[in-house]
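Chemist: Pasting a structure below so you can have a look.
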Amino acid sequence: MASILISGAAGVSIPLVGTLLPLNGGLMRGAKAFAAGVILATGFVHMLSGGSQALSDPCLPELPWKMFPFPEFFAMVAALLTLLADFMITGYYERKQEKMMNQSAESLGTHVSVMSDPSLESGFLRDQEDGGALHIVGMRAHAEHHRHSLSMGAEGFEALAKRSGVSGHGHGHGHGDLGLDSGVRHVVVSQILEMGIVSHSIIIGISLGVSHSPCTIRPPLLALSFHQFFEGFALGGCVAEARLTPRGSAMMAFFFAITTPIGVAVGTAIASSYNSYSVAALVAEGVLDSLSAGILVCMALVDLIAADFLSKKMTVDFRVQVVSYCFLFLGAGMMSALAIWA
């Protein structure tokens, strides 16, 4: 438990510390590509194969488990539902953010119109001495600044909203200020990704906890520690890109780090009564692994690889392409190699 806890915590913390680096720098781009490869290999090589192995076990009845390719079906359903959830959640947060932006714009517009009224200005100036007049001039200058910001279109208002503290999801839920599109996307991706990884981590922990002999625990322990480290690194990269508040990032990192040790503790507690070859255990493991595989494969291909590798920055810079693809294949290859031991 200590080894896996430390490995997972270290893996998820490194990218969060790396938020001090520029997001578009070469090192961060390489780390993001490496993380995408790790997540893709986790879905295909670890989770989907584990689900197929569990749902094809001889201990399961012939009907219905041997009559239909359930692992691949569950993975496909999970991928489609992930796309749907991604679309709906992102749309909800964008509409919420746009509403808050419009409310702020109306408030600023009212402020500008009041300060632009000549009669109000002259009235104030007649009633004020020199100090008051200077105060009115300062307010007029402030109003002119806001009018200029609003005339710059969406980009100008986005910057104004950030300076004014207007935020989307983070305003009500503590996840930090977001951009109009990319910020919302990164938050949704990090949350869905953690959901897929955590479900797999629970299964790993329980399987390790119910093992009675140290001989069956020690060989895969090192591999499982690296497994958690790479998964944590991939998740930490997505959380770092979402630019959450320090508290939000810490909570997501903490939740990932303790999930597998909790699974180990649960497995140890039920080891005397748990039968890993029972129908219920095999079905639960197979279904959860298959669903997690679909989630991770979808997120890796759509929201991580496609989003970065089809971007304009990538297509116009050959050096960035080479480095990113090298890190992508490196991450996928290293995570796949761990399947030999765990």
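Glycine is no exception: its Cβ is also placed from the backbone N, Cα and C atoms.
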Chemist: Would you mind telling me which of 6-27, 182-203 TrEMBL tags as transmembrane segment?
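Modeler: Checked against TrEMBL: transmembrane segment maps to 6-27.
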Chemist: So which of 73-93, 253-271, 291-310, 322-341 has the most C-beta pairs under 8 Å when paired with the transmembrane segment (34-53)?
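Modeler: By Cβ pairs under 8 Å, 322-341 leads among 73-93, 253-271, 291-310, 322-341.
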Chemist: Any chance you could find the range in 73-93, 253-271, 322-341 with the most Cβ pairs under 8 Å to the transmembrane segment (291-310)?
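Modeler: The stretch with the most contacts is 73-93.
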Chemist: Which residues of the chain, 6 or more past the ends of the transmembrane segment (253-271), have a CB below 8 A from one of its CBs?
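Modeler: Contacts of the transmembrane segment (253-271) (Cβ under 8 Å, skipping residues fewer than 6 from its ends): 1, 4-5, 8-9, 12-13, 16, 194, 197-198, 201-212, 228, 231-232, 235-236, 239.
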